[in-house]
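Feature list (source: Swiss-Prot):
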- 73, 202, 263, 284, 285: D-ribose 5-phosphate binding site (BINDING)
- 130: active site, schiff-base intermediate with D-ribose 5-phosphate (ACT_SITE)
- 214: D-glyceraldehyde 3-phosphate binding site (BINDING)
């Protein structure tokens, strides 16, 4: 149970110990075109210091520790404690949930570091924070204050219209969004240790997350049955690394964890994405924009754990109060769709 004082996070202690042994040099460049140990197990053997491949494997292993869990958006320490008590595996610290970012408009930037540190001090579970696409200085700041994961997020206003961040030069594991397999593999090639669907954050409409997961699954299935020549052609079409695509085809899944995000608002939504093959879920506006946040948070955690048990799903879906009103994605103008950001 977290207290009002500074909390000691067992996860953070373990992460810092692992990264201290396997420190990536400030100007080092990992080349994660082939991933081995971390795609098979939650623990990674560290083979040598300053080895980019080994460092990347450690980050992938840290991301795998969240598998099967729910990551919740929180805007203050009180919400973070509610999320932790509900069973969240991590929290995403940000000043405004995506629904408010949509409503308020303007430029959405990295959150105030002090607010993030307050949340880190309030809970013992991992804390994530968002940076703008391409804004490597925001990532330097987030790493400096000790966040556990960084989300290079399309929810914030992109800082670079062309380039994503070279994530390999940071010790902190990165999570990035995707709409399709090409985007996912490009982000992994840049050093992302965790992938999520983009969906349409802040809408409460799960349809885009479903679409993105279906697309990734279909493209992996196509790659898995392709000849070597066809696989090389597919890599060119997807604009991704051939070796990484080949590994994905052999695994019949992404070589890093793949969570669902964007529009998940109910326990049924969470179970739907898990049954489609996701490794866990992000829930943003769906919890703290609902009638009973604490009860809904617990219900979504239970639904994510027991996603194949309709009786449990029926039980945890009952009596939750009003869900967030939401926005129908079909009514969103293209200019308001966050998933189109990035490439």
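The count begins at 1 with the first shown residue.
Each Cβ is built from the backbone N, Cα and C atoms, and glycine gets one as well.
Within 8 A of the CB centroid of the D-ribose 5-phosphate site residues 73, 202, 263, 284, 285, the other residues of that chain are 97, 98, 99, 201, 203, 204, 262, 264, 265, 283, 286, 289.
In three-state terms derived from DSSP, residue 284 (D-ribose 5-phosphate binding site) belongs to neither a helical nor a strand segment and is classed as coil. Taken over all pairs of the listed D-ribose 5-phosphate-binding residues (73, 202, 263, 284, 285), the Cα spread reaches a maximum of 12 Å, rounded to the nearest whole number. Each of the binding-site residues 214, 285 was scored by the number of other CB atoms within 10 Å of its CB, and the largest score is that of 285. According to its DSSP assignment, the residue listed as 'D-glyceraldehyde 3-phosphate binding site' is helical. The separation of residue 263 (D-ribose 5-phosphate binding site) from residue 214 (D-glyceraldehyde 3-phosphate binding site), Cα to Cα, is 15 Å.
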